[in-house]
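Visitor: Questions regarding the structure given below will be posed in turn.
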Amino acid sequence: MSMTSSVRVEWIAAVTIAAGTAAIGYLAYKRFYVKDHRNKSMVNPHIQKDNPKVVHAFDMEDLGDKAVYCRCWRSKKFPLCDGSHTKHNEETGDNVGPLIIKKKDT
């Protein structure tokens, strides 16, 4: 075996080991890191989790002059807004705000 042939074999072995290590690292990243982000991006973290679909309905006549509803799902007074979206926006970089329903000024 010549000198260039043995160098070529060493390079092939090194590239194979590096590619295998990169593949294992990528699979570990996908398994452990990406999974955590999927759970953190869930819109509703804790409100009525036993219910398959959370729905609230209100009669327009019962709202009064103004009603402010939560859209970030973090409010302790859900479905009403308590300003929790401010902290949520700071933590996530989101820009969600409340839904404000008010009577039209005549």
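Note that Cβ sites are derived from N, Cα and C of the backbone, with glycine treated the same way.
Straight out of Swiss-Prot:
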MOD_RES   Ser2  N-acetylserine
TOPO_DOM  30-106  topological domain 'Cytoplasmic'
CROSSLNK  Lys40  ubiquitin cross-link
CROSSLNK  Lys53  ubiquitin cross-link
ACT_SITE  Lys53  active site, schiff-base intermediate with pyridoxal 5'-phosphate
CROSSLNK  Lys66  ubiquitin cross-link
BINDING   Cys70, Cys72, Cys81, His85  [2Fe-2S] cluster binding site
CROSSLNK  Lys76  ubiquitin cross-link
CROSSLNK  Lys77  ubiquitin cross-link
REGION    84-106  region 'Disordered'
CROSSLNK  Lys87  ubiquitin cross-link
CROSSLNK  Lys102  ubiquitin cross-link
CROSSLNK  Lys103  ubiquitin cross-link
CROSSLNK  Lys104  ubiquitin cross-link
Visitor: Neighbourhood of the [2Fe-2S] cluster site (Cys70, Cys72, Cys81, His85): other residues with Cβ within 8 Å of the Cβ centroid, in order?
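Guide: Once Cys70, Cys72, Cys81, His85 are set aside, the remaining close residues are Tyr69, Arg71, Trp73, Arg74, Ser75, Asp82, Gly83, Ser84, His88, Val96, Gly97, Pro98.
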Visitor: Sequence gap of 6 or more, C-beta under 8 Å: which same-chain residues meet both conditions with respect to Cys72 ([2Fe-2S] cluster binding site)?
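Guide: Within the chain, Cys72 ([2Fe-2S] cluster binding site) has Cβ neighbours under 8 Å at Ser84, His85, His88, Asn89, Asp94, Val96.
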Visitor: What is the one among the binding-site residues Cys70, Cys81 whose Cβ has the most other Cβ atoms less than or equal to 10 Å away?
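Guide: By the 10 Å Cβ neighbour count, Cys70 comes out on top.
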Visitor: If you average pLDDT over the topological domain 'Cytoplasmic' (30-106), what do you get?
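Guide: Per the prediction, mean pLDDT sits at 83 for the topological domain 'Cytoplasmic' (30-106).
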Visitor: When you put Lys66 (ubiquitin cross-link) at the centre and draw a 10 Å sphere around its Cα, which of the recorded positions Lys53, Lys76, Lys77, Cys81, Lys87 have their Cα inside it?
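Guide: Within 10 Å of Lys66 (ubiquitin cross-link): none of them.
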